């Protein structure tokens with residue numbers, strides 16, 4: 001069956017993903033799993049699709065190239081009994097690993113954003129990013145309404161894009177839980193950063209500790225999901241002769257080791273981020 005005539009939804013989805021690849025390259029990781037569900041793809045069509053995906057790699061961003069190559073490595077071999085009735089052997093390992101990495105990265109990214117919200121005794125432009133400003137019923141992050149800059153280690157400057165929103169910006173900063181008292185000069189806001197009290201330091205450190213535990217739990221959940229998927233992907237003994245999966249028990253053990261290594265790496269990264277934040281808080 002020629003690729004141009006192949007209208008299976010999974011192939012159509014692969015085409016659409018490739019066309020939109022610069023913004024959706026992660027979705028390519030789902031293609032290998034879906035290939036197992038195509039009952040009528042012959043060897044020629046599969047190879048042609050393979051080639052067309054790979055031919056678009058050159059000139060793509062590096063992350064996108066990796067996404068396409070995950071698809072490439074997922075189709076490892078085609079057994080040609082009579083070449084017209086072939087079965088695609090699909091290795092879902094790259095897809096499982098990519099999904100786990102994506103989930104773990106999302107967890108550490110969320111932690112980074114949460115830590116940036118915590119006030120220390122030093123001025124940081126990012127400490128106001130999460131503040132929401134209400135202007136006539138429209139709620140907008142402060143960072144989209146003004147340029148926030150550090151004047152010195154104890155002072156921030158907030159320059160609104162629209163001077164008419166100065167009062168709303170001031171109100172939003174005062175209402176935030178940061179305990180800040182901005183001063184207006186009719187053109188911008190000057191925000192002094194007061195020193196932290198002992199009680200505040202202790203409270204913020206508790207928040208950091210809780211955030212650390214939360215992100216580690218998220219990383220471990222991503223690990224467990226990957227492990228469960230790995231176990232389900234290995235054909236049972238009675239089905240091995242019939243299965244088109246190229247995923248063996250040895251492959252599963254190797255992938256489990258990689259997932260464990262990734263888990264340790266991301267947990268250490270999260271712990272290092274939290275230790276750095278605690279040091280920043282206690283030393284200020």
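The backbone N, Cα and C atoms fix where each Cβ goes, and this holds for glycine too.
A quick note: this is a predicted structure, and the numbers were derived from the prediction, not measured.
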Stated TrEMBL location of region 'Disordered', expressed as one of 199-224, 225-250:
225-250
Across the domain 'Ribosome recycling factor' (111-281), average pLDDT on the 0 to 100 scale:
88
